[in-house]
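All remarks here apply to the structure that follows.
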Amino acid sequence: MNPPGSLGVLEEKEEEHLAPPILGPSIHSDNPQERIQARRLRIAARLEARRREALGEYLDGKKESEEDQSKSYKQKEESRLKLAKLLLCGTELVTNIQVAADIREIHRRVEEEEIKRQRLEKLENEVKTSQDKFDEITVKWEEGKQRRIPQELWEMLNAQQVHCAGLIEDKNKLISELQQELKMKDDQYVKDLKKQSDDICLLLERMEEQVKNVMKTFRQELQNIEKAFEVERQELLTSNKKKWERALQAHNAKELEYLMNRIKKVEDYEKQLNKQRIWDCEEYNTIKIKLEQDVQILEQQLQQMKATYQLNQEKLEYNFQVLKKRDEESTVIKSQQKRKINRLHDVLNNLRSKYNKQVKQFQEENQSLTSDYKRLVLQFKELQKAMRHFALIDDKRFREIWLMNEEEAKDLINRAFDVDRIISTHHLGLPWMAPDFWFLKNVGPISQQQQKSATQILEEVLMEAEKEGADEDSSESETYLDLPKQVSARTTRKILMLLCDESGFLIESKLLSLLLPLEKNECYLLRLDAVFSALGIENEDDLYKLVNFFLKYQTHHSPSSQEPLDLRAEKERSLVDGKSQEKEPPPSPKLIHPNDVLKILEAFVMSLRKPRDFWVPVKLLKAVRDDSKDSEYWEALTTVIPATTLNLWDALYTALEKYHLVLTQRAELLIENSSLERQNTELQQLLQQYLDTKINSELQVPPTQVFRVPTK
């Protein structure tokens, strides 16, 4: 029986034999043409595999190996689960002893705390009672010092002895109780030690038993796994032997076929050689006759060439004399040119020295300019830092001033609302409701609405496309987004799906493996999010630019884009306004070939990179805040009380002034009335005093008979 390791090596060798290394173009390459070629080769390999499968040439060994692997994997998983369950149960059985010991210790500590608390309370009570008794004995000793009668002293001494004996007896009793409790604790400690030793023995027994069970189970499962691998090995040997026999039969058949074809080819070659020999003989005779004729013609030409040679020799002698004279003239000219070259060399040396001086001067100027440039850059950065600091301070002060003015304005508005409420409810008797304006809930400077991100727009597009796909057969109208040329959500979704399928090289392999168990829409959403991150598409405008770029690229590069494509393009063009009727309809994404997606993406990325090549001035401050709605906001705060209410307040103010005047006059009259009443009371008192005098009773006609005295 072979060990499992050798079987694993055989499986690895078989996998290496079945899966040769890929030496051609890769789909992960940076070159688009190489990726396209790799895709084409992969498609061709799939077609070849389908053809072989149809012809019965498919390798059945791979399927058998997968089945065998599934059997061994199943056996290993069963063994792993069984062993894990056994280890878990054994661990729980062993740890139960520790858990029980911990619970007993917790209960013991709780009881010990309670007993300790009771003991302390008992000792405190004993101390208090003993102190009271001791104080009582001490007081009686002081009283005994004051007594002088011996009998009383004797009685007092006996009483003091009794009290002291009682105090000592209480102390001895407490000591005996504490000693008894200490003895019980010693006994309990011995029992706990015995219990712990018993628990340790039990723990060791269970651990030994668990180790034996685990070892036994491990051996049994190992035997089962070895049996499963041995069965797989036998099946693999049988299948390989069958494949080898089939391969030998096919090889023998091909050898026989090759031998028959070779015999036929030898016979055909012999016939062709005979024909070639006859044709070569005929051609040889023909060439021989032709060459003899050519020899005669060449002899005639040789005679003519001799005559021509004689004539040319005389001409050459004459030309030699002419050239000799010209050589003498060229020697004179050459000497003149040498003198001229020497003068030019002197001029060149002077120019070189001047050039070196200029280069040195320019280098010094360059160094000085470079140092000035660095100094200016540092000053510029410091200026940038200061301007950013002042910008932040200005923003902070602006917000503080805004909040202060806003709080003051809202306090005044609340006071105005309180006045309006009091006037309406108390003076006019009308119901009053607090107004609800948008600017009353605002706190701080007014901020503009943020732009949507590309992921949010993508979710909306997928949702709209699902709704359109559900109503595609029964609905004739489409929902359009705010995309260029009023492109439908379905068209946008097709473009994005095509982009997602053809730009997988922009997504990491780990992310692709994590996206497999997800749903289709979630998978598309996450993949497109990764593609957008790689392309630098962040917001709504960038997504619209990408879709518009796809449509424009297809319009300029497709010859059939000048004609109406389908009924959907007609519907899209009919929804655009009057100006858009003169424009061309948007092309259908069905006409965009998948191989053109990479070219379009490359052109789009290059168009995004072009503006970055130019120098852009550094942005010193953050974007200028939009203050177009500030004046509207503050004017709205000043108009919270309408003009009708202000007119009502003016009329009420006039009426209240009149009412105040009447109340003032009434108060003055009340003061005058009270002064008159006081004077009247004083006069009545004087009159009563006059009437009550004794002189009036002596008169014949008293004043009380002449007039009636008014009573108060």
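Using the three backbone atoms N, Cα and C, a Cβ is placed for every residue, glycine included.
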Region 'Disordered' per Swiss-Prot - which of 1-34, 103-136: 1-34
447-482, 627-662, 663-698 - the range that Swiss-Prot marks as coiled coil: 663-698
The coiled coil (100-388) [mean pLDDT, rounded to integer]: 88
